[in-house]
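Asks: Residues annotated as domain 'Palmitoyltransferase DHHC' in TrEMBL: 154-278. Look at TrEMBL and you will find 54-72, 78-101, 200-224, 244-268 tagged as transmembrane segment.
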Amino acid sequence: MNQTYIAVSTDSPSVALDNKSIKMTKKTRKWEVFPGKNKFCCNGRIMMARQTGIFYFTCTLIVVTCGLFFGFDCPYLAVHVTAAIPVVGGALFIFVMATLFRTSFSDPGVIPRASPDEAADIEKKIEVPNTTSPGTYRPPPRTKEVIIKGQVVKLKYCFTCKIFRPPRASHCSFCDNCVERFDHHCPWVGNCVGRRNYRYFYLFILSLSILCIYIFACVLTHLILRSKDDNFLHAMRDSPASVIEAIVCFFSVWSVIGLAGFHTYLVGSDQTTNEDIKGSYSAKRGQENFNPFSQGSILRNCLVVLCGPTPPSLIDRRGFVVPECSPIHDGMLASSGKESNAVKIRHENYGSTTHYKNSNNIGTNTAGDPVVVSNGNLPVTKHDMITYQTTDGTVNNHLPTVNDQPPVVFHDTPLVNFPLAEAEVGPYMRDNTNAVSRGCSTELSPL
């Protein structure tokens, strides 16, 4: 009596092995395995350098100085001068802290490192054979040259990130990352300053200089008004907090104003601190050299730097780590032209199970090599791990044959004997191919 069998695929996320389940592991986010020297907080939403001690000092200095100003000077000035003084001071303080946190907690423009395959491909492309003296090693070139607006720009190879850095990018030794449009590493904000946070850094130092001048002027006004009723020394003794504020602002305003002026010059010329220090666009050996990234005017350069769109982050630090994938059965997938989404796992380390022949357990290994069993039994092949059910209800691992027909072979792997007409075999074979390509086990059940 002829019997008909079809292939049934098991697509459940976990496969039962000896009454146990392979539980899916916890997903890992990219910031948890980030190779750079950075510190992440709030599940990857905040990204900073590891050395943040000076950043905390900056925050403390600004908050304490402004706190003294609002607590001791603003009440007197609001009554004797105008109530707008504390309002303007509060607005400046909020803007300064907002730009500081935006600069410190954001991705400055980190360039992702090359994967092992990408690094190997780049090394093959840049490797130059030494034809003059065979047998000797010639190191690959470290730079490439590109032409931008008629100006030759060199792209340097980063041996840490295994990439050719794009124009204006540089590797930060503190954070150990290549950063787009790298300006400098600022310990006062606890982060690198690059393409994605430069405008906020510039607005921070510009607003901080205005705040320092504003507090210093208000403190002097407060002391002068108090000295009208008494001498200036008595006014200083009656308001010691004003003296502390004046000292802090006096010694801070010069450095902050100088830094703001220097970066105003850089914004107007569309340069970075790194380029200005190295003299990248200065005249060299009498040759004419210019900045190919300049927009041609100061106003256009300011609009591009301060008002242009912020590029998206390239590292996707809150994304999930995707395991490296590879075909489970290379010969089968190469012939069928289909890709596999199976995780690349060594079959011998997929999980040790206790397997007994003639059992109802369904195996998960789809490779042709034997699998070593943990309890010391004989190796079990894929043929032993596939069970078959006949119409009478019995289950065994013997391949059913009808009329001595040979089993159907798909890519040199015996799967099942289909005693059907030749035209009816195609759909079942396609279903079985999809099941194997997904790494699923195959169970036979009668129609």
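Cβ from N, Cα, C; glycine included.
Quantities reported herein were computed from a predicted structural model and do not represent experimental measurements.
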Asks: Which bits of the chain, at least 6 residues beyond where the transmembrane segment (54-72) starts or stops, bring a Cβ under 8 A of a Cβ in it?
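Replies: For the transmembrane segment (54-72), the list is 48, 86, 89-90, 93, 96-97, 100, 104, 187-191, 208, 211, 215, 218-219, 239, 241-242, 244-245, 248-249, 252.
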Asks: Same chain only, please: residues at least 6 beyond the ends of the transmembrane segment (78-101) with a C-beta under 8 Å from a C-beta of the stretch. Say none if there are none.
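Replies: Distal contacts: 58-59, 62-63, 66, 69-70, 189, 200-201, 203-204, 207-208, 210-211, 214-215, 218, 221, 225.
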Asks: Can you check how the pLDDT averages out over the domain 'Palmitoyltransferase DHHC' (154-278)?
Replies: 92
